[in-house]
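A.B. asks: The structure under discussion is supplied below as structure tokens; questions concerning it will follow.
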Amino acid sequence: MKTLALFLVLVCVLGLVQSWEWPWNRKPTKFPIPSPNPRDKWCRLNLGPAWGGRC
């Protein structure tokens, strides 16, 4: 019974390690950090002036 509990704990820890990435291993995000200005966001999405896309 004790070995089963130990095995379950090991599986949980391994799952956590798999899902958690090292900070230096993290892939760079595709998009830059969005600015707080929503108009600038629409501008970058190229939706045009009708959607507040004036640059």
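Note: Cβ is positioned from N, Cα and C throughout, glycine not excepted.
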A.B. asks: Among the residues P38, P49, which does Swiss-Prot list with the feature hydroxyproline?
C.D. replies: P38
A.B. asks: Candidates are P23, P28; I want to know which one Swiss-Prot annotates as hydroxyproline.
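C.D. replies: Comparing P23, P28 with the record, Swiss-Prot tags P28 as hydroxyproline.
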